[in-house]
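Please see the structure below; I have some questions.
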2 protein chains.
Amino acid sequence: MSDVTPLDTVGEFGLIRRIQQTITLRQPSTKLGIGDDAAILTPLAGHDMVISTDMLVEGVHFDLTFCPLKHLGYKAVAVNVSDMAAMNAIPTQIVVALSIGARFSVEAVEELYEGMRLACEAYDVDLVGGDTTGSRGGLTISITALGQVAAGKAVRRGGAGPNDLLCVTGDLGGAYLGLQVLEREKQAWQADPETQPELGKYPYVLQRQLRPEARMDVIHELREIGVVPTSMIDISDGLASEVLHLCQASGTGARVFSENLPIANPTLEVAEEFNLDPIMCMLNGGEDYELLFTVPLAAHQLIKNHPDITIIGHMVEKSEGTNLITKSGQPVPLRAQGFNHF
Amino acid sequence: MSDVTPLDTVGEFGLIRRIQQTITLRQPSTKLGIGDDAAILTPLAGHDMVISTDMLVEGVHFDLTFCPLKHLGYKAVAVNVSDMAAMNAIPTQIVVALSIGARFSVEAVEELYEGMRLACEAYDVDLVGGDTTGSRGGLTISITALGQVAAGKAVRRGGAGPNDLLCVTGDLGGAYLGLQVLEREKQAWQADPETQPELGKYPYVLQRQLRPEARMDVIHELREIGVVPTSMIDISDGLASEVLHLCQASGTGARVFSENLPIANPTLEVAEEFNLDPIMCMLNGGEDYELLFTVPLAAHQLIKNHPDITIIGHMVEKSEGTNLITKSGQPVPLRAQGFNHF
């Protein structure tokens, strides 16, 4: 590191001034950004707003041993934008609260903000407010995102009906296997700090874990082809858990065909190397931040050839349960195995 | 404690369900509260929205040795509502992110939420979303508040002009002296755990520290008498620091008369007991969450007899500086001595 400035030499106000200089505002609804007691927004007429909050805690959600701060900043924004996508909304603003231990330098915090700035640019979001404070422990990042959606057009979890097609964007299991790679290399490094971590072999799964993208692209594409999901959720805890959420909220069951689950080749290779069942990685892995949604059967023609959307099954009556249908046609009840943070 | 349920026995979803049951929604702009990927709001036509975020960190902003969780929950909401008040806005919704160490029980978290619920009731605010996660360290509470204000009527820090009257609500220094009492009793208790803490003697300053109120009452009263502040800020870091913020943003100086600074009798008595200069406690103490604002000279008649507003000075040209005028008429430059959290 060439420059290392202790945080206490610039103080909270100094840090805010340094960060403020790097911020560009893009959204017409942003009237006043950082610098007052609150930001001022002018909501777009005829639109609803959506709001959600996510907290990332060092030692629970990330490990700075192998997670570059710039990626972490990007991911912290992306996971919040993913919640906006899951409502069929366009993200507009975020506010960021950080608590930072004294071991961090000003440059480290700026690196984190640089990642957030890149994500704000990628998703066309304004960073309009924040709170930066010390911490007796590690780093905690709390982001609240706002988004807008035409009045009444937000998509909830509870709108699916029997026969609706169950769809997923992108591919699954990559983020989980990226985490397995990082944990193996960390253990090897802890056992022998001279070891060079073998991370270059796994670019795909590591990117899935360290720098996931929110699927705003698919939200825009669905609008273009005129398909409105009947229910939607983003995949943060694992596909099985999210399918159960949709079914519970919609009062339906579902059939998910294991043969249809999308996995990328690099993910499959890492699963084999780690001797892990790829289906289990996809069902319970989590953190892929893909979208899981349902569409009316009539939309089949419109989405069946979409390169980023896979039809993995369909909704059924509640009484039929929520099942994974194996290759041999056997139904196996889906169970949520998302991890417990406590 | 009669009931102690470890957090990991109910998990994140179980905890959310328990908390969700206690929540009442009051705001007409809240269309959907907790339970989906995001809450849905319908902003009031002809209004701007304001948004701000505040994070409270155990060991930095609060000490659970003497801070009851219910008070802490109330305070966490009140300090965010105070930011809405400082913009001349009416608070409408909050979202809450918590990270909680494994040493907390479900009942402890419910106690914290009970305090937040009471504050939501007091300020007519809806709790519409949250994130609850584990922590390797202590408790962190991150709240984002939304408020509404007629379009263009938000009051910023930068609107004061020379000759505007500088006003403060309530009285100052109490929260700081409450903290001194708590710290003394904690030291006594650490030295001898048999000691009974002497807290009953100090109800006023302890309430100021542990359960401050946002001054929404004054915001409503100013509207009723037709007075619109030209600039406003809430007093979180200390009066001196906040006066400097208003002057810097407005491009003015200020004269603050030490004789006019409002202090409550119980606060004065504790200052004497601790041998602390009451003027310094008011200028640099912080955490009183009173409002500091400026009004045009013409509003003098309307506010001079208001029981909750004290005129402490007036704004001047920038070239005259920002000074405290002592009893003997000496100008002393104001300096920000707000504490550095890093």
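Cβ from N, Cα, C; glycine included.
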Quick one: which of B:SER29, B:SER52 does TrEMBL put in the Mg(2+) 4 site with B:ASP37, B:ASP83?
B:SER52
Need this for a regression test: binding-site residues B:GLY130, B:ASP234, B:SER236, filtered to those with Cα within 10 Å of B:GLU287 (substrate binding site). What's left?
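Those close enough are B:ASP234, B:SER236.
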May I ask for the distance between B:ARG157 (ATP binding site) and B:HIS61 (substrate binding site), taken between their Cα atoms and rounded to an integer number of Å?
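So the alpha carbons of B:ARG157 (ATP binding site) and B:HIS61 (substrate binding site) sit roughly 25 Å from each other.
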What are the DSSP helix, strand and coil residue counts for the domain 'PurM-like N-terminal' (B:35-149)?
35 helix, 50 strand, 30 coil
Closest of the binding-site residues to B:THR53 (Mg(2+) 1 binding site), Cα to Cα, picking from B:HIS61, B:ASP83, B:GLY130, B:SER236?
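With Cα distances computed to B:THR53 (Mg(2+) 1 binding site), the winner among B:HIS61, B:ASP83, B:GLY130, B:SER236 is B:ASP83.
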Can you name the residues of this chain that are 6 or more positions from B:ASP131 (Mg(2+) 1 binding site) yet have a C-beta less than 8 Å from its C-beta?
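Within the chain, B:ASP131 (Mg(2+) 1 binding site) has Cβ neighbours under 8 Å at B:VAL96, B:ALA97, B:LEU98.
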Select from B:THR53, B:TYR113, B:SER236, B:ASP237, B:GLU287 the binding-site residues whose C-beta atom falls under 8 Å of at least one C-beta in chain A, and return them in sequence order or as 'none'.
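Sorted by position along the sequence, the hits are B:THR53.
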Would you report the average pLDDT that the model assigns to the domain 'PurM-like N-terminal' (B:35-149)?
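For the domain 'PurM-like N-terminal' (B:35-149), the model's average pLDDT rounds to 93.
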Are there residues of the same chain, six or more positions away from B:ASP37 (Mg(2+) 4 binding site), whose CB falls under 8 angstroms from its CB, and which are they?
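Looking at Cβ-Cβ distances below 8 Å from B:ASP37 (Mg(2+) 4 binding site), excluding near sequence neighbours, one finds none.
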Rounded to a whole angstrom, what is the C-alpha distance between B:ASP234 (Mg(2+) 3 binding site) and B:ASP83 (Mg(2+) 4 binding site)?
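About 7 Å separate the Cα atoms of these two residues.
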